[in-house]
Ligand SMILES: O=c1[nH]cnc2c1ncn2[C@@H]1O[C@H](COP(=O)(O)OP(=O)(O)O)[C@@H](O)[C@H]1O
Ligand SMILES: [Ca+2]
């Protein structure tokens, strides 16, 4: 078994990223709202917060937003702190407290109360982190992604309503719709907002925004701002979404492919996705070590899997297996071939696991680096036997997804990033902006 490095990184309860982003964020905010001056300072507030709550006479104050990411492999809490030092100065995103638990909510499909308990444990951290006098003004929201999308409506609803109860028993502000399954297109858009906000790209006129690639356990998203008319014309209608934030409208290309997350892809490669699993049934693959036989739990189901005892193993046969999962299944927008993208989640984790990038710093890779590493691992499985038995399959899937799925070139650049200025590159920050905007919360 490999240790998910994110687990160790996040096992320090109450870790507060000490980062302050005053300069960058003040820059971003002021460019987003360039007409700011003492006399028209309401201008930017009106965009972020409705005028009736504009803190024109507010003194220095801090406000918080709590966003839960109920992912397919884990549940995470992000507690964001914003500081507004004076009415003349724009609020700053001061920091983030981040913690996670495994497994994700969908693993509690048959025990919704237990699932809600895992949320409660994380929420208790927020009770410690947010000063009591601000509890009532601090919104708490949970958005679930692909894990819950794959459950039956009934099981998903049971989990969500247990979580809602936990929220309602808490001292925080519980907005309407505080617990829901997020639409896949929002997942992509909000991650794009987060990354481009944190890197200061939203400050200009959308000239240099960067596309984002998120590879979750159960689904994967691709999002970018099209530059060419062709892309707008040639893309399926539901891949293009207009989204308003910070007083700008972004017409983004975004799509979430359900069942194409890394762990769902393992099952698809094994031929076990969306099938009734018979008792004791064994799923074999040339992407796994020959002698391997083991069990794996995902989404509340137990799978038995193993290597091709007699048959072939290695990169070539593995690539052919994986290709069946992606070939012809994804839309390939021409314009992305020459662009560079930010990539995170499992792209990051697997690159870090195999020393393609530094775990803390991240790095820049070409698509072909994943292929090179996949060959190295798959053709020498015994050398990598201490790592996850799925390492070869995962790297091969990432290679096939990028090349044959999305149609990236071998030399397309990927910026692997886990954090920007000490803030997690997660859709949750974009979602928190959206939340604050809709609630008109400032302190
Ligand atoms: O806040 C975060 N920052 C960076 N990576 C994250 C964060 N939250 C989750 N991840 C990454 O997301 C991946 C797991 O995907 P997830 O469980 O969210 O599945 P899903 O998106 O398909 O529901 C892992 O690579 C994990 O490290
Ligand atoms: Ca996710």
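Keep in mind that glycine also has a Cβ here, set from the backbone N, Cα and C atoms.
What TrEMBL says about a protein is an automatic prediction, not a curated fact.
If you draw a 10 Å sphere around the CB of residue 187 (active site, proton acceptor), it holds 27 other CB atoms from the protein chains shown. Annotated active site, proton acceptor per TrEMBL: 187, in sequence order.
Counting only residues at least six positions away in the same chain, the Cβ atoms of 213, 214, 256, 257, 260, 261, 262, 401 sit under 8 Å from the Cβ of residue 220 (ATP binding site). Annotation source TrEMBL lists ATP binding site at 217, 218, 219, 220, 221.
If you measure from the Cα atom of residue 217 (ATP binding site) to that of residue 187 (active site, proton acceptor), you get 14 Å.
Residue 221 (ATP binding site) carries a strand DSSP state (E or B). Here the Cα atom of residue 221 (ATP binding site) is found 8 Å from that of residue 187 (active site, proton acceptor). Residues distinguished by a CB atom under 6 angstroms from ligand 2 are absent from the binding-site residues 218, 219, 221. In this structure, the binding-site residues 217, 221 were compared by how many other Cβ atoms lie within 10 Å of their Cβ, and the smallest count belongs to 217.
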